Structures are given as structure tokens and as C-alpha cells.
Amino acid sequence: MGSLLSRLGLECGAKEVKEEERNIRANDREYNLSYKYANNAIKTSKYNIFTFLPLNLFEQFQRLANAYFLFLLCLQLIPDISSLSWFTTVVPLVLVLAMTMAKDGSDDIVSACSAQDQKHEPLNLVYIETAELDGCVSVLPASEFDVCVCLCVYTCISFKDPLSLFALLLFSSSSETNLKVKQGLTVTGELEDSIEKLASFDGETGNKMDTWSPLRSLHLLESKYFWSVCYPFPEPLCPCLGQVRCEPPNNRLDKFTGCLSLDGAMYSLDNEKILLRGCTLRNTQWCFGLVLFGGPDTKLMQNCGKTTFKRTSIDRLMNVLVLSIFGFLAIMCLILAIGNGIWEYQEGATFAAFLPKPEGVNPPFSAFLTFWSYVIILNTVVPISLYVSVEIIRLGNSFYIDWDRKMYYPKNDTPAQARTTTLNEELGQIKYIFSDKTGTLTQNIMTFNKCSINGKSYERVDFSWNKLADPKFWFHDHSLVEVVRGGNPKAHDFFRLLALCHTVMPEEKKEGELYYQAQSPDEGALVTAARNFGFVFRSRTPESITVVEMGKLVTYELLAVLDFNNVRKRMSVIVRSPDGRLTLYCKGADTIIFERLHPSSKNEYAGDGLRTLALAYKDIDLNYMEDWKKRHHEASTGMEQREEKLDALYEEIEKGLLLLGATAVEDKLQDGVPQTIEQLAKADIKIWVLTGDKQETAENIGYSCNMLREEMTEVFIVAGNTAEEAYALEKDMQKELLRTACMCQTVICCRVTPLQKAQVVELVKKYKQAITLAIGDGANDVSMIKAAHIGVGISGQEGMQAVLSSDYSFAQFRYLQRLLLVHGRWSYLRMCKFLRYFFYKNFTFTLVHFWYGFFCGFSAQTVYDEWFITLYNLVYTALPVLGLSLFDQDVNDRWSFQYPQLYAPGQLNQYFSKKAFIYTVLHSGYSSLVLFFIPWAAMYDTVRDDGKDIVDYQSFALLAQTCLLIAVNIQLGLDTYYWTAVNQFFLWGSLSVYFAVTFTMYSNGMFLIFTSSFPFIGAARNSLNQPNMWLTILITSILCVVPVVAYRFLRILLWPTINDKVRHKMRQEKAVLPAAPRRIQPRRISTRRSGYAFSHAQGYGDLVTSGRFLRRTPRSRGIVFSHTDSPLAQAKPQLYRTIVEGEEPPQIP
């Protein structure tokens, strides 16, 4: 029964016990199953075939508007209350529910298929299907072409490589794609793939297992179909291993604490010995793994928590307005109910002969029934189709972003992508942008530029003498080659450190053709530099590193790796050379390294805007090393405070270092970054750069991007090297920090952690009440992206995790300009126009009922035909307003770039607000008065051409609804700035459909077939053939639009907005782009110093750096960073590329 409920998506109410520690014992299935650990079954879809209909309907009726119309439907089933047929409510409600249900079902299917696609890649993959977590060992085959997708969390036992080292790609192609280094325990790696050894190996008692019980199956996956595959060893095996104790399931991707007991010895299990669900194996053919976590317990699934649903400011305003509309509806119904009670008391007896009252109905009770009758009649004031229409508009505007070729990056084949459809209009209201630096403003492609060895600086040279040199590598200083080839010990130690202290994985497909796969661009650049200078890193194992030193093959014994983390900001390795010398090599941020050695050198390249890294070493005594290694083993196998103990040991041994020198790598700006920042600043968008770099680097990036200028003499600096030092973010200092920052023209926050980035965003959101946008490219930007109203991810060198957490994504920072100034502004303008017009047409439609109540004895008689009431929002006015909301634009994209000030109205909520809503209601009130009283007065005591009376209810209803439809369509035409063939077709087509349906429904044939449903027989042909009817329609339409035209004329004449001025100029010049402004000469930049900073990732020597030291140099010196390689930006640095293109503007956005 429990299994059935689980398959139905339901759960029994068993109380969950919090897991403190996980225990897995090999060869003891009953012991492992007794813990009832989760199996590998996961659920990625929201619905299934049984729960879709009830669950989706339950969710939809949680919306106030849907629940309200369901309540109206129940009222309409009461004959004493309803004066309308049931279909007037059922048809719109069912249509809205069906459209929403189709959308939700489609999204759920896409989500489920996407999850399957992530598991089942279109390659020859091996899929491990686990029934239960029972302590058995699975084999994971892989090769250069066939890689293994891990669907559980494994601890590595044995590998094809007897030295138990391989590489993997975390989270496959759907998430972070940085290369990681993983290794298994050497003691188990020696077992290799020998079934006999694995079966006879007993980690506890030495006994052999006589039977194997197959609980796993291997399948070959190709094109999403399964085939069985055989291997030269039995596919299932349950070898005898020891016991694993580890932490309970959690979402920490960078941390794992556990230990393995074998033959009475304890071995540490950390993050480097774990294969996570979703990773792909590289550089090995197979490995054996012991499943630790399965299904929902895996770290990948633990990180797939519920994402906070982001709502736009317009959504929140709409919720308030809908509640106020309910109040307005109640007031109207109350007035009409009171009127009914008074009329029944004074005039009711007069009409008793024509309208006999049921037994027991008195004026108060009649007023009570009338109140609910008018609730039904006036229900159109509550917009049931509003939310569906809004979703359609947002979806359409999202497609425009996806289809925009000007936001497509051909180099990486990366288009822009709207990953959400609910935030488009908020792109036109951004006030603050929070940007990362590395990979966001810069290219995150490193080149080795300079180095300092023993106090002497060197620059680039020629490497033709080295057969193993990388032909793409350039370095200018020939003296450094002579120093290296001359056998300088310091120079050799310098490049030896670069060749040994890293986590790069080598690949050599052909002799001499080396390919390095690095965790960060910095490491790749540094190891490549060492390779070109004769210290070639060739291979590595968990216990050794092989280097070719000036043509001689040397293997170093790797004794320890002192891991990098965000606090340490450094990495060290301890190696034993062939002559027995023990050496610690360390590289890290200059400030960190300098604290651990005598101040005998200084950072020489920070002022050039380069990323600097200090290198140091230390010889270690053998006896001390043995003692330290023993204490290191005890700390690494402990289950409590393991990280703190290891950090203390690392701190102890990394003292008294000797400085070797420093390196400097260059990271260029992306194309168009300064121009984009300048354009956004003209749009009054505040840009804050949040970086983990030092103050000097932060200043240099400001100058390079034109955020800082020489005339800015006062620079306010707040830096927090660690989370504890960021006092400005404490509660008692937050407001002061924000007040000071808002007084500045430019804000650059340096030395901030990922958490502090999110705190800065939250600070602005909380106290400034402004719309914020965060943009980044790495995992350390995810918290900031999620904290902002809108998150933008850049698909760059640091993987896809920022993209997966974002609302919008593209490949280059410069596309942000088009996203906001074009798509965002258009989306906001269209949504505001839609809402104003939608409320106008619905209020006008409903208020005519209200005025008619005073002339029908408050009897809840409708003024329109029931079929017109049913089709008004669904057919007659649906497509024209959608055409307006999908295609309208005040100016084209080129003028939007030329005048960024057009963006300001969105920031100020000028197009739709409570004030604009009140104006719309007043406008609707005036129009409803005209639409009711002009037709009423025109038909009062009126006769036909033949002398027959035309004053009847059906003729008046037809005239009133025709005047209404034509008037609201004229208003739509006045609101439309940009006419397309689609708009014209929707507008004239809707009017044509109205007249076609009217003449059909009012025909004799429909009356004869459905007598009770179509009572308006002959009303259309008898009324619309009279000239006075068309004259009335003309006068009514003119009176409805005259105040609007007069107001807009006076406003443009006396108080023109920036939008009016630009539109007028565009019409005058016939959309010819104005001449580009003169080129501004580069400003003189004073010398600024910068420093090196690591990224905020943690793992096996994860040295992904987050700082690039960028600056613009004076005119007398060469520019360290070229702002762009494109001739366009060089010629016109102040304009976005689309401004100066000669092509015609697109006809549709």
C-alpha cells in the first residue's frame, strides 16, 4: 500500500527521524537494509496520470478569481437568484481552466523529459540502476568515448588505473562543467578488477564469501533506449569490504566527511574520493564504487530544493487591485440591492399583476436576492481571463528574447535564453545592477604575461628551441630563456613549483601533443608557462607527479596536498624529490603568502592591472614530516571538526616560507563592456560591482570599465577580507553603508564572499524598495543571482551553475544592454498598456449594467444579450488586445539605444500604478455613461422609417453592445503606437466576427432550432438597417474618444515627456539614426595597484580565481587590456553596436 501511495505521489504520515550518521557495512545486506535508506528512485515531475486532474484543479481554484467564478456558478444554479444562463459563466471558466491546465501539463512534461535527457545523454553511456542501497559494489565502465553517468553517490573502491586516479566532469552537460580530480584509496585500488581478489578480500575477519547475490544490473544506453551489455567479468558482485561511517545526506557539494575501516585500520574518506550523482567519468575505463547515498539523498537532489517563486511588482499591484475590485463590486451590488428594496416598497405593488411575487418574499428579502443576482451580472468587473492573458503575453515576449539574433554569440553558439516567463516586464524597471567581475565583465581567458624571479622581472619571449612548447604561448623577454637554460637554481625552482603545485589533468593523445584540463584558467596558464620554459608536467597519480625538467624525466613522490579553501586562499604540495629532499611548494594570494615569510619582496604587477600570484617554498625535516603526517592522518580520519583540525595543521607547516617570485596573468575585458556600462548609466541604472578581489584590482576594473574617472577625487572604500571583517554589513551599520553608497556615483565592493554579495543585494531590496538585477557567471554568484529580483547568468568559462540558477542567460555582458533597454522596456510598456486597456473595457462593459439598473426597477435584468456577455472577453476583444500586447513598441530598438532616458518611466512606475488605475476607472465611468445614455436617449420614442415602433429591449441591447464594441476598439487604436498586419487583422477581424455572429444568432434558423437560447430573432436585421442607429453609433463613439484625444493633445503640447519628444523626432527624421557623437579621447589614468584573489569555491585544490586586475593605462603607455577587438567599438566607443549598424530596424521585436 505504501508503495502504491508513493507511486501516486502521496505519502503516509510516518514521522521522519533525523539521521545523525550513515553506516554502510559490506557483505551484510540485512544490516544495511535495516536502516531503510532511500533507494535510487526519484521524482522529477509534479504530476502523474492519476493526480494531474485533481491536483491541478485544486491549485487553480486557490486563485481568488477562479474560486470566485466557481462560487458564481453555484449561485447561477439557484433560480430565484440568477437572471443569466449557466453557460455565461461556465464557458469562460472552463476555457480558462483548460488553457491553464494545458500549460501546466506541458511544463511538467517538459520538466520530466528534461530530467530524463540529463540522465540519458545521446551517447553510449552506462546507466547504473540501483534497487536498494544494500552495501554491494557496482562497476562503472567508461572510456574516452563511453563515459559513465553516476546516478548515486559512490565512494571509489577500485579503478582501471591501478594508481586509482581519474578525472570526472561534474553534473554532466547540464550543470557546472569544471574538471575535478578524484581518487580512490590505494589500499583498495590495488585490487583492480580481479573478481577473485575482491571476493576473497575481507576487510573485517578475512573470511571469504561463497555466494554472490545479483542486486544490480548494467545497461548500455543509446538514444534513450536500453540494451543489455556483457563484460569480461560478472556484471553483479558483492565483494567483502569493511565498514563505512559517514555524514548524513546534506547539500554541501564541496564537503564530505567519512572514514573506511579495513583490517582494523582507518582510512579517511573526503570529497576527493566521492563520485556524485550526475558526474561523468573521464581518463579511465571503469571503476568500482560502493553506494553511499541514493535517490533523494544524493547531493544533487539535496540541492534541488524549492526555488523561491519570484513575482513582479506588477503582479503584487494586481493582487491589491483585484481585492479593491471585489470591494468596488460589493459596493455596486449593495447600492443596487438597496435600490431594489426601495423600489419594491414603493412601486412593487403596481407591477404585482405582471410580476407576481412568490410566497413570503418581501422588499428586504427581495433586496437580499437582488444583491446576489447583481453579483452574478456584474462579475465581469473581476477579470477571470486576466491571468491567462498575462501569461500568454509574457510567453510571447520571452520568445522574442530567445529569437533575438543580436543577442546570439556565434563563437560559442550560445543564444540568449529566457529561462522564466514571469519576469519580462520587470526587466523594464531595473534600478540597481549588481555585477560580478571575473568572467562577467572580463573574458576569463588567462595569458601568462610577466613573472618575477628572485627580484628580477621578465616579459615575453620565443620558444622555438623547445619541441614540447605550446605554439599558442607567447612571452617577450629573451633573457628569461637564457636564465632557465643556463641552469639558474631559483629559476628552476620557480618553474618546478608551477609544474608541481596544481590540480591540472594532462592528456597526451600523440607523442609531444599535450593537452591540459584545468579547474581554472589561471592554473592552465601557469602550468602551460612552466611547460614552455622546459618544466613539462606529464602525468600524475595519487602518490606521484611526473615532470620533464629540461628534457629529463623526473618523478616526485607526492606526500600531501594542502587543499585550497576560501579562507586559506592558497594551495601547497609536499613532495619528495628523487634525491630524498622534502620540499613544500606553496602558491597563493600575495597578501596571504607575504604574511608567512620575511617581507623581502613586493608585488610588482598589481599596478599594471594584472592578476598576481606569489610563489614560495620550504624545505622540511624528515623527522618533523613523519610526526606531522601522523597527526594529519588522525585529523583526516576524525568524524568531528575535521576541517578545523586540518586547517590548524596546514597553518603550522606553512610558516617560514622562502619567496621564489610572483607571476602575472592577464584577463581582457569582454567586447563592449565600457560602452554598455555607459549606456546603462545614462538610463539612470546604478551599477554596483561585487568582487572578491583586492582594493587595487577593484579600482582598476572601475577605470577600465569607465565606472571610475580621474575627476572622481574621493574614493570611499569598504573592504572585508573575511565574513567576520565586513562590519559594514552588520545590522547597526547597514543603513549607514547604504546611505553612503547611494551618495556615490560608482560603488565597487571588494573582498566580498558569495554570502556577502547576497547580503548587499538584500540590503538594497529592503531599504531602497527598488527593482534589482544580479549578473554573474560562476557558482560563487548563485546566491546573489537568487537574492535579486532578476538573476542573469552568463555562460562563460566557469560552467553552467549560474545559468541554471538564473532567470535569463546569454554569453556576453554587452547583451545586458539590449535585454533591458529594448526587450525589458518594450515588455513593460506592453504589459502596462494591456492592463490599462483590459480594465477599461471590462469596467466600461460592467458599468453600463449598473446604470441600466436604475431604469429596470433594479430587477437584475441584463442590458446585453447573454451570448454577447459570454463572448465579449473570449472572442470579440481577446485578440486585438493580445496583438497590442505582443507587437506594440513606441520606438524601435535603434532609437531605444540612442536615447537610454526612455527607460526612466519604468523605474518610476509611470505607465501603470494605483493612480493610473483610478484614472482608468474614471475613464470607464465616463465612457459607460455615454454608452448607456446616448443610445437610450436616441431610441426614446423613436420609430422606424415605416412608422413602426423601434423602442424595445432587444433593439436597445443590440445598439448598446454594438456601440460598446466599436468604442473600445477605437480606444485600442488610439493606444497602439506600432501597427502591423497582425494588429490590423485582429482588430478588423474581431469586428467582422461580431457582426457575423450577431446576424447568425439573431436569425430565424437559430431561433427555430434553439428557441430558448436565441430569443433575439430578427433584432439585427430590423435595427441595423436604420440610419439613425448608425448615426447613434457614430455620435457615441466620437463622444467616447474626444476627451482622450483632447487630453493627449494638450499633454503633448504643454507637458511632453521624453517618450513624446523622441517619437516626434523619429517621425520628423523618418527613423533615420542621428549622427554618432564625436569620439571622446581616453582619459588619463593614474597608476593604481592591484592584487590577486581566489574564487569562492572549495574542493580538491579548487583554485578557481575570482579577480582580474584591470585598468586603463595612460596614453603614453600601451593598453594592458584592450576593451574590444571589434572595429565597431574601436570607432564608436560610446555606442552599442546596434546603434551604428546600417541595417533597417526589425518590423517586430
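In case you wondered, yes, glycine gets a Cβ from its N, Cα and C as well.
According to TrEMBL:
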type: ACT_SITE; residues: Asp436; note: active site, 4-aspartylphosphate intermediate
type: BINDING; residues: Asp436, Thr438, Asp777, Asp781; note: Mg(2+) binding site
type: BINDING; residues: Asp436, Lys437, Thr438, Glu523, Phe564, Lys587, Arg611, Thr691, Gly692, Asp693, Arg751, Lys757, Asn780, Asp781; note: ATP binding site
type: DOMAIN; residues: 24-90; note: domain 'P-type ATPase N-terminal'
type: DOMAIN; residues: 803-1057; note: domain 'P-type ATPase C-terminal'
type: TRANSMEM; residues: 84-102; note: transmembrane segment
type: TRANSMEM; residues: 320-343; note: transmembrane segment
type: TRANSMEM; residues: 363-388; note: transmembrane segment
type: TRANSMEM; residues: 834-855; note: transmembrane segment
type: TRANSMEM; residues: 867-887; note: transmembrane segment
type: TRANSMEM; residues: 916-938; note: transmembrane segment
type: TRANSMEM; residues: 958-978; note: transmembrane segment
type: TRANSMEM; residues: 985-1010; note: transmembrane segment
type: TRANSMEM; residues: 1030-1050; note: transmembrane segment
Within-chain partners of the transmembrane segment (985-1010) [C-beta distance under 8 Å, separation at least 6 from its ends]: 865, 867-868, 871, 875-880, 882-883, 958, 962, 965-966, 969, 972-973, 1016-1021
Most crowded position, judged by CB atoms within 10 A, among Thr438, Asn780 as binding-site residues: Thr438
Residue among recorded positions Asp436, Asp777, Asp781 with least C-beta crowding, 10 angstrom cut-off: Asp436
Of 320-343, 834-855, 958-978, whichever stretch has the most CB pairs under 8 A to the transmembrane segment (916-938): 834-855
Stretch-level contact, the transmembrane segment (834-855) and the transmembrane segment (958-978), CB cutoff 8 A, at least 3 pairs: yes
Stretch with greatest number of CB pairs under 8 Å, the transmembrane segment (84-102) reference, 320-343, 867-887, 1030-1050 candidates: 867-887
Confidence summary (mean pLDDT) of the domain 'P-type ATPase C-terminal' (803-1057): 89
When distances run from the Cα of Asp777 (Mg(2+) binding site) to each of the recorded positions Asp436, Phe564, Gly692, Arg751, the nearest one: Asp436
Cβ-Cβ neighbours of Gly692 (ATP binding site) (radius 10 Å): 28
Closest of Phe564, Arg751, Asn780 to the residue listed as 'active site, 4-aspartylphosphate intermediate', Cα positions, binding-site residues only: Asn780
Shortest C-alpha distance to Thr438 (Mg(2+) binding site) - which of the binding-site residues Phe564, Gly692, Arg751: Gly692
Top Cα neighbour of Asp781 (Mg(2+) binding site) in the set of binding-site residues Phe564, Gly692, Arg751: Gly692
Secondary structure tally of the domain 'P-type ATPase N-terminal' (24-90) (DSSP, helix then strand then coil): 31 helix, 2 strand, 34 coil
